[in-house]
Every structure is written in C-alpha cells, then in structure tokens.
C-alpha cells in the first residue's frame, strides 16, 4: 500500500495539484481572518468567521503574529512551485525553503514600520520587529539594500529570466525607434512633395492599359528607405508563402529543463579480460567454419562491441558475411552484424553487449556537437559504436529517408529529430509541414507555432500540400534570382545586410513599350524585406500515400528532392514497409541519405540501403545511417518519451500561436489536374481521357491504356469494360482483340 502511495505522490502532476491546493487554502485562511476569532491570544465561545474554521483562525493568527502581511509570500511560493512541478522544472527542496525564508524575513523587515489595526501585530509581524531592531544598530541605509535584496529574491522566486527581460526591453526599444523614424520620414516626405517653385522638367507618368509580360529585370539598391506599395507585384496569384510572425508572438526556444535528466543505470562495460575471452571464442567459431584470421582491435560501445577481424589472404568477404547467423547461434547472441569497415583491411563483427546502455536526448543536446552553429539543421541521431554523439546536418543531406518495422524505434527517432530542430529554431526561422496518414505519430505536435498548416491526415490534402511546397520552391527561386544569390543562406544574408543599413531592395521590371516612342517602360517594385525560413516536410507513412496517389506523390517528391535544397525546403520521409513499390527507384535516386532501423528481411535491407544488415539490428533505436557519402554507420538512437514531447509542445503553445496558411491544403480552383484518390470525379476524368486515346490512337488494349494513363492494370481493365458497356468498343473475340466502334475523326 505504501509503495502505491509513494508512486502516486512521486508524480509531478500530483505534486503540482497538492501545492496548488495548499496555496489556495493559505490564501483563504489569510483573507478571511478576523481579529475577534478564537486564537492563541483570545478566547471566545462564538464560532469563528474564518472560512476554514477553528484551524484557519489559529493558523491565520499565527502567520500574522510572526510575519504580518509578508505571510502572503507563502501561498505565492506554493503557486510558483506548483507551476514548476507541472512543467517539470524542478529545484531542490532546500533551495525552495531557503529562498522563501529569505523573502519572508526581508519583506517582514520592510513592513515592520507600518501599523495596521486589523492584524494583531504590525505589518511586519514579530519577525519584522526583531530583524528591524537588529539592523538599526548598524545603519538606517541598510533598508535600501533590503529593498534591492527583496527584489532579487522575488525575481528568483518567480523565476523571471533576466535574459528574457533584457530581450523584451531591447525589442521594445527597437520598436519605438522604428516607429519614430517612420513618423519623421512620413512627415519629411510629405513636406518635400510640396513644391514652392515649379521645376523645369515636367514629371511624366507612363500608364499601360494592360499588363505585358516582363522582358527583363534589373535589381538595384537604394540608400533611402521608401514606403512599400500597397499592391506589390507577386510572382503568382496565391497569397504570400510564409507570413512573418510578429516579434511579440515569436515563441521562445524551449528550456532544456523540459527534457528529463540522464538516469544512472550503473551499466558496467565488460572488462578487458572478458573482451579478450569473447574474442578468442569468436576466433574459435570462425576456425570451426574454416575461416582463418585474427582480431586486431576491439571497440566497446554503449550497445554493441565491434571486433575488427582481419581474414587470411584469399578469404572472400561474402563468405564471412554469410556466417552472421551461425556466429550468433554459436555465441548465444541475439544477432550478429558483419560489414566491411571503410578505409581498413578488416571486417567489423558486431556483437551485442550483455547490458545495454540507455541514454536520453538531453545529454546529446547539451553536447558541443549540437551547439555548433555551423550545423544549420541539426538532427540528433544518437551515439556511434565508440559512444560519440552523432549529429547530422539536414541542410547537407539534403533529404532523409527513414524505414523500419513496428517497434524498431522509428517513431522515437523521428521525434528526436523534430525536437532537435525545435530546440534550435524559432517559428520565424523554421517551419514544418507534417503529413501523418495514420493520425497517430505526429498528432502531438498539432498546434505548435512552427506549423504552416495543421497536421495533414488525408491523402488528398497531402498531395495538395506537396504541390504547394513545389510552388513555394519555385517562388523562392524567383526571389533569389532577382537579387543574384544561389541559395537561401545568401538570400537571408543579403536581406539582413540591407535591413542593418536601413535600405530596401528594389527591382525594375519592364512592363511594356511606349506606343509613341517605342521605348521600354519600367516599373520599380520594392521586394519583401523578410528573411525566408527553412521548411521541413515530414511524411510519417509513405506507404499509405503511395497506395492512394502513387504517381502524383512520386513526381512531387522527385521534383522537391531534386531542386528544393537551395530553396531551404527539406524532406524527412518515413515508412514501415520498405518494399520496392513504396521506395521506388526514382525516390531512392533522389534520397542519398537514408536511415534503416530493424527490418524483417534481407530484401528490405537491400531496398533501403543497397546491402543487407538491417535485419540483424537489435531494435529499440538501433539503426544504420547512410549519409550522402554512401558510408554506412551504426548508430544507437536516444530515447525521448511522450511526456517530454507533451511538455515541449505545451510550452510552445503557451509562448506562441500558429499562423496557418490555408493555401497549403486547399485545392486551387484554377488547378485542373486530377488526382486519382478513388472518388467519382477522378474516375470520370480518367474515363474521358481513355475514350479520347481509343478514338485518336485506334488502340483499345488494356495494357496500352495502362501505359498511356500511367495507372494500374485493374483500373485500366475497368475503363475498358465501361467502354464496352457504352458501345465504344466491342467484346473481345476469340483472340482477345476488340473492335473500335467509334468513327475516326
């Protein structure tokens, strides 16, 4: 019974509720105090008027006698501690009590000179009188120090971040300076437009009756800022791609305290003698199967130990690799992975440790490798065989393909990648499009300010979202082309440089020709002076989308994977079914960086990585990572639980609100392209196209229609049967051929 009580009380949510109730009870006791109620100093036969009864009357009298009005610091501290416990921001009990006592003594001393009638002692209580008499022996100016000391204690008690306060003051000052500059600029611009004397040159305004296609564009920088036109020329008719979030609504980076601390499991690695004994057993097993050689090095990691085996001359690598199952059986190991170590004349034989070391995400985020600013989009993958942190840069990959069966740790790995980006970038710097057809894994992130749209769960909307990403990519390339840069980093650097120098970027666009002189007419357009954020598209289950709209998804992902890197758009695509109909050759060719968790067969491992080995992994975050250099590394992923993700998302939702773009998932009216998603409209469009093909090409075979429309065999057969019912083609004859009944055009 005591075990379950301790387990319940150890829950941070339960502790938060208990502290909140205690604080509310103390506030009720203090506010309903009556000097005539029974207490330590008075006796009465009447029932106390205190809302908590006799206990409340005695407790309130005790608190007012000792601390005076400073007693209200006690419930305030309870409320602050309750909030910290709820969000997992723990501090030691000694520090909590010590800070509260300092605040009580300081406040009581400051209030000791105030006399009040409704409390038994003065406003500072007995503690205030004693402390005040003690301090007055030295100097009266000590009260100034007490005021400052009380302020510091209250700031620590309320956990007000000085960095957040200073950043707010700096942002407020910049905002006020900007407003004053804009006001003065508008006044001087209006005064300059009033001409006291006529000028010699008359101003001419050329107006064209219709918009003509621009012939050439020129970019220039102006030293003086000009007001942006009300309706600037846009690259396409849709609303701006990624709206700027106001500074007041930018969500702060989540504190590291939201992640749980590393747990000390007292996992002891094998001793050197044990490793040597295991190496001798391994050599004995290899000799039994006719493989000669010797072990030259042993690398002990957190999960597996790698034995570098140098085979004898003339031994084929495939012969040793094929013995992985036999070695695991002979050594009573869960699994054995054998692979060539790049750059060495040895084979790496990886055997699992007796005790597995578990590590959390917090210890990897605190490493210098993650804090390195040269890594633009850091993804925390885990630790390698030597126990060193492995932080990959998504900007250099530039896209990532993830595969793994259920229970292999794929979802935890994706969560670790997302959290690592959330701890680096604010919503102004990085945005997400999350596609989750299973409506399970990514739903926890719904509502965070980093999202461009709510988590997409419908396959039809997923196709529209990918189309929007393609159009956004093309729009960004036009914007980068206008100022002469090649990638998003150069674009943002140029925009930032122009903003610091208080200038705007303008471009001259030729809109037509003067009908009288024949000279070109130019219009000056001010470009949008906002930095472009990174956009990360996360697709949790690719197989579901490929089953519904395979060709459309494949073409859109191919276009994004080929071109979106320079535009700052990156894709993380995951699937639990790494078969050839999901991970097609087109997708593999455009995703050089891949991660494979544990899979069921060697075929699946070859599909995702091009070689076997993933089927020998241990699961629970054990993965093989292939970077864009085609070098495969074994990595052990960190563990991040649902409670940590919930704390992070709740914090982000409280500090910022998302600004969704409806165009991401809305099918535009002018888009006539049909998507085969199984509804009646797309079937009708396909049928009309099939009839047109039969009429024009005079061919009615199912295979020909299948190739022409790029659809499945069953769909093509249904279309031909429908044409047969409507009298467009005849039934098949004894050879299977059909006669076309439609007249030729």
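Backbone N, Cα and C define each Cβ position, glycine as well.
Keep in mind that this is a model prediction, so the values were computed, not measured.
Annotation source Swiss-Prot lists ATP binding site at 407, 408, 409, 410, 411, 412. Annotation note: residue 408 (ATP binding site) sits in a coil segment as assigned by DSSP.
What Swiss-Prot lists as domain 'FtsK' is 387-606.
Annotation comment: Swiss-Prot describes 163-745 as topological domain 'Cytoplasmic'.
Summarising the annotation, Swiss-Prot assigns transmembrane segment to 15-35 (among others) and lists sequence analysis as the type of evidence.
For 62-82 (among others), the entry in Swiss-Prot reads transmembrane segment.
The transmembrane segment annotation in Swiss-Prot covers 92-112 (among others), and the record cites sequence analysis as its basis.
The transmembrane segment annotation in Swiss-Prot covers 116-136 (among others) and is backed by sequence analysis.
Look at Swiss-Prot and you will find 142-162 (among others) tagged as transmembrane segment.
Residues 9, 42, 48-52, 56-57, 59-61, 63-64, 71-72, 74-79, 81-83, 85-86, 118-120 of the same chain sit 6 or more residues outside the transmembrane segment (15-35) yet have a Cβ under 8 Å from a Cβ within it. Close to residue 411 (ATP binding site) in the fold, though at least 6 residues off in sequence, lie 441, 540, each with a CB less than 8 Å from its CB. The record gives 407, 408, 409, 410, 411, 412 for ATP. Within 8 Å of the mean position of their Cβ atoms, the other Cβ atoms in that chain belong to 404, 406, 413, 597, 619, 620, 621. The binding-site residues listed here are 407, 409; among them, 409 has the most other Cβ atoms within 10 Å of its own Cβ.
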